[in-house]
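Q: What follows is a structure written as structure tokens; I'll ask about it next.
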Amino acid sequence: MATESLRRTGLLIRHNALLRLRDPGQMISYIVMPMLLMVVFKPLYMKSLDTGTLQAVTGPLVMFSVFALAIVGNSIMVEREWRTWDRLRASRAARAELLLGKTVPALVILVLQQTVLLCFGCLVIGMAVPVDAGLLLLAIAIWGVTLLSLGAALATLVRSRGDLGMVTDLGAMLVSAIGGALVPVSLMPQWARDIAPCSPGYWAMSMLHAAIADDAGAMLRPALVCLAIALAGGAVATYRLARGWGRSHLL
Amino acid sequence: MTISPTAAAGARRATQAPPEPERDHVPDAFGPAVLEVRGLHKRYGDVRALDGFELTVRAGEIVGLVGHNGAGKTTFVEVVSGLIRQDSGTATVSGREPARARELIGISPQHIALYPPVTVREHLRLFGGLSGLRKARLGEEVGELAAALRLTEFLDRPVGVLSGGQQRRAQAAVALIHRPKLLLLDEPTAGADPETRQALLDTVRQRASEGAAVVYTTHYLTELTELQATIAVARRGRVIARGTSAELLEGLPGEVRVSFDDDSHVRVSTTDPTAALARLLAEATRPVSNVDVRNPDLDDLYRALAVTDGD
């Protein structure tokens, strides 16, 4: 049974990866645009901060990884548009298999996006090469899971792709601005500093900075906060998906 | 044509399903029961979507499920396919709860439910694979089904670029790929061209002859005659009539039309067309130019049952 389950999960992962690969526009956009921003903003950050290159790389990375929520959300929304979710639910695949099949390719995309941007940051922008690649990969994975859960929850709560686009665009700007991805928290006015921890972006920035600095201790708290957000988002998405979200009328 | 409400009510009484009647109407030629639905109830707020729905479909049997929108067909299929749970009553597929018998069920929804960027072959591999088919067998099934549904030349094209009829056939292929014991086909020929319609009907007949139990919903009632389907009429969440078309049509009026040379005509709605024709011809005082006798068909049944139920 376990083998059959693994086989079905593999089929679903391959199928969802295929769907993403046949519609790569958003993914390319969310990788290329932050690269451009890194190049443009680098001189500004270098003049105003001691950690200029770090901010120049992690700021756009966090901002555009939040934009990438739209990729996750769209991958779920299309199932409703195409009326295919019920078709999958009516198949032999279990709920967990369907969710894994849907989320694994999206997580890979999110991790890939951040990895490419960090590599670009080190090679082109001049950010210091992280001491512990494993720790950084862990941070990227945790932030990826957080985004994945938030994107999945959003997709099951909004009514249309238009709504999803609005929420992810506004959300990305808000999360980035408040979280210190655009302007470092230390340069923000006091009121903005006070509310910064309300943004997942704040914790993502803290976690990435700690991971790049090879400070596992400093990484623990933001990682736990991100995982808690992921848990909450995942619970909402799982509940909605399992309870018949996206039901199309079979008859 | 007119249908007397009295005659229609008589027809309905003659075919109306008592608590567990439909087995009596099913010819013995069919195999053991595959789908057994007993006393299904399902409410959505104040709406009774299912109100004592009963249906048995046996191996090899094609049941034409007809009924207006809101008759309960959607909810019935959602329960049988394991997508929702009923409030009360039982539904079993080969003795198992639908949610535990998914590999036995094939569904072709009314609306196209396919991935536009994915090819027909990839669809069949995905859903066949999910049902447990392995490479060699899957390849054979894909080839055989593609030939039967005239999809061979479209197998490697994305569904999104196919015509409506080709998509209909691809949709049916996905339902059929794992050779399910129970096929739920919702208006599979809706808007389809003659080629698609014929290919689908032939394939459904073939699968039934191999032992599949089929629930086939359609508004093209002539298709049910072509499929030699037994018929279940759903209304307000329950099956109100069930039987073979001969049983259901018994007692319904047909029509006799006698046309005369002077372009006038006489039209009579009657349960005994032969006697009516003889009487009309005997009473004719002008030269007769044409005689047309039409026996009752499923459209008449559909309308008659709707009339008696207050539509």
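Any Cβ shown, glycine's included, is placed from N, Cα and C.
Feature list, courtesy of TrEMBL:
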type     : residues  : note
DOMAIN   : A:21-244  : domain 'ABC transmembrane type-2'
TRANSMEM : A:27-45   : transmembrane segment
TRANSMEM : A:57-78   : transmembrane segment
TRANSMEM : A:99-129  : transmembrane segment
TRANSMEM : A:135-158 : transmembrane segment
TRANSMEM : A:170-192 : transmembrane segment
TRANSMEM : A:222-242 : transmembrane segment
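Context for these features, please: burial, neighbours, distances.
A: Residues 20, 52-53, 55-57, 59-61, 63-65, 67-68, 71, 109, 113, 116-117, 120-121, 124-126 of the same chain lie 6 or more positions beyond the ends of the transmembrane segment (A:27-45) yet place their CB under 8 Å from a CB of it.
If you look at the transmembrane segment (A:170-192), the same-chain residues 6 or more away from its ends with a CB under 8 A from one of its CBs are 48-49, 55, 58-60, 62-64, 66-67, 69, 154, 198-205.
For the transmembrane segment (A:222-242), same-chain residues at least 6 beyond its ends with a Cβ under 8 Å from one of its own Cβ atoms are 76, 85, 95, 98-99, 138-139, 142-143, 145-146, 148-153, 155-157, 200, 203-204, 206-207, 210.
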Q: I need to check the long-range neighbours of the transmembrane segment (A:135-158): which residues 6 or more away from its ends have a CB within less than 8 Å of a CB in the stretch?
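A: Residues 62, 65-66, 68-77, 102-103, 106-107, 110-111, 114-115, 118, 164, 167-168, 171, 200, 204, 207-208, 210-212, 214, 216, 219, 223, 226-227, 229-234, 236-237, 240-241, 245-246.
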